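Peer 1: When I checked Swiss-Prot for this same protein, it listed these features:
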type	residues	note
ACT_SITE	Asp313	active site, proton acceptor
BINDING	Leu198, Gly199, Glu200, Gly201, Thr202, Tyr203, Ala204, Thr205, Val206, Lys221	ATP binding site
COMPBIAS	110-123	compositional bias 'Polar residues'
COMPBIAS	514-523	compositional bias 'Basic residues'
DOMAIN	192-473	domain 'Protein kinase'
MOD_RES	Ser9	phosphoserine
MOD_RES	Ser80	phosphoserine
MOD_RES	Ser92	phosphoserine
MOD_RES	Ser105	phosphoserine
MOD_RES	Ser137	phosphoserine
MOD_RES	Ser146	phosphoserine
MOD_RES	Ser165	phosphoserine
MOD_RES	Ser180	phosphoserine
REGION	30-55	region 'Disordered'
REGION	103-123	region 'Disordered'
REGION	501-523	region 'Disordered'
Amino acid sequence: MKKFKRRLSLTLRGSQTIDESLSELAEQMTIEENSSKDNEPIVKNGRPPTSHSMHSFLHQYTGSFKKPPLRRPHSVIGGSLGSFMAMPRNGSRLDIVHENLKMGSDGESDQASGTSSDEVQSPTGVCLRNRIHRRISMEDLNKRLSLPADIRIPDGYLEKLQINSPPFDQPMSRRSRRASLSEIGFGKMETYIKLEKLGEGTYATVYKGRSKLTENLVALKEIRLEHEEGAPCTAIREVSLLKDLKHANIVTLHDIVHTDKSLTLVFEYLDKDLKQYMDDCGNIMSMHNVKLFLYQILRGLAYCHRRKVLHRDLKPQNLLINEKGELKLADFGLARAKSVPTKTYSNEVVTLWYRPPDVLLGSSEYSTQIDMWGVGCIFFEMASGRPLFPGSTVEDELHLIFRLLGTPSQETWPGISSNEEFKNYNFPKYKPQPLINHAPRLDSEGIELITKFLQYESKKRVSAEEAMKHVYFRSLGPRIHALPESVSIFSLKEIQLQKDPGFRNSSYPETGHGKNRRQSMLF
């Protein structure tokens, strides 16, 4: 009977039906691109592919832990109930491990979970590790499922699922991984609780929410779907870009929930945006904090630009900040990947105050430098406490720009004299004014850097990568430049926020501020 149970425990259970109703859009978010080659699991020792049930998912995700998996000799596969030889580690001796024969008819042990330090009594009196009862940590599960770095499955959830399975080292198929994520709770609206409305726009409503799975706060961007038109192109664009952008200074897209009536994007929750932060400071920020925020903006942008992704809608409302001071780029609804340099894009893309003059004058051929003008405007706003060019119309915006930086000429902006829109406006001939007169809190290095951002010719604007190396950031130390992309700058002990001079310890009331909050998340 024991031999029969032993044989039965080595067989694999049949596959369960998988719900294939999730859209390809949700699949692309939850499945990493580099796993697309793994259409089916690797067959080991002549076994068929594993099933797609939750139990087999757990089996497949217990292979890469701190200790190497134990390999089963072919004689055991054939039915022998002898001892197993563990693989050696670091040249140490082989440990003898006996199979735990107390198995249920479904091949699962009916004993409680054990850890790698648990011991069982061998018939020969040797103390042995029980290889079946290995405790899987949250880190193990997150790594194997490629979950976002700040998602943590609670310990209680691991215990509830009884994740204690023999180690398997074969990779998981896309199909099986998708089913596993769904069984955990991803892609389901019931996994999230709506707490309060943060804002509402033409196409989307944003809620503050909580994940039942992790107890973490989330931002739920609920996009209404019209049956005639389907998902707005901005939503599709945002999802397609964010699923590939994994960086400490870019907002994390945790999940996608697709129903017949809506598409809900589940983002990490950050308490406020840069506009709210400046309001809380009475628009008088610490210049040290200005430097930290500017560096993080550049760091996130440099990552995007290396991947030929343009944000195209930079503004304080699209820069989210948490309590630590970590700043993250958000709202990629107008962003797009730049694959062909000469490709013509729509020129209706950027909020007016942060729109560069070449776009204001009708240029639709641009590159990553389109974002750098907006960085300069935001830099000035943080340092001075007021918007740099708060124009109400395109003409008014250009008027404010030319009055400060000087009306461009053929010498200062080659080709401008032949621009029809520029000629039609017939602007007065303004002379440039010293920027230090308008931002007296900036030092000479800061003035030099902001000047590099505010160049009429887009190709002359400093890149995000180059700006990070500017002498203005020298006081932050050298280690900040060597951080991995996924690591926050606040992981360095020398990087800390300072108290802002104008900070007032006040917050928005519980109600009445929804329309002013998180406008960055709306279409």
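Every residue, even glycine, has its Cβ placed from backbone N, Cα and C.
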Peer 1: Count the Cβ atoms, other than its own, that fall within 10 Å of the Cβ of Leu198 (ATP binding site), considering every protein chain shown.
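Peer 2: I count 23 other Cβ atoms within 10 Å of it.
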Peer 1: Using Cα coordinates, what distance in whole Å links Glu200 (ATP binding site) and Asp313 (active site, proton acceptor)?
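Peer 2: Computed Cα spacing between Glu200 (ATP binding site) and Asp313 (active site, proton acceptor) is 19 Å.
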Peer 1: With a 10 Å radius around each C-beta, find which of these recorded positions (Glu200, Asp313) has the fewest other C-beta atoms nearby.
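Peer 2: Each of the recorded positions Glu200, Asp313 was scored by Cβ atoms within 10 Å; lowest is Glu200.
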Peer 1: Report, in whole Å, the straight Cα-to-Cα distance of Asp313 (active site, proton acceptor) from Ala204 (ATP binding site).
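Peer 2: It is 17 Å, counting Cα to Cα.
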Peer 1: Hey, what's the Cβ neighbour count for Ala204 (ATP binding site) at 10 Å?
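Peer 2: Excluding its own Cβ, the number within 10 Å is 23.
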Peer 1: Tell me, how many other CB atoms lie within 10 A of the CB of Val206 (ATP binding site), whichever protein chain they belong to?
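Peer 2: Summing over all protein chains shown, Val206 (ATP binding site) has 24 other Cβ atoms within 10 Å.
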Peer 1: Looking only at the domain 'Protein kinase' (192-473), report the model's average pLDDT.
Peer 2: 88
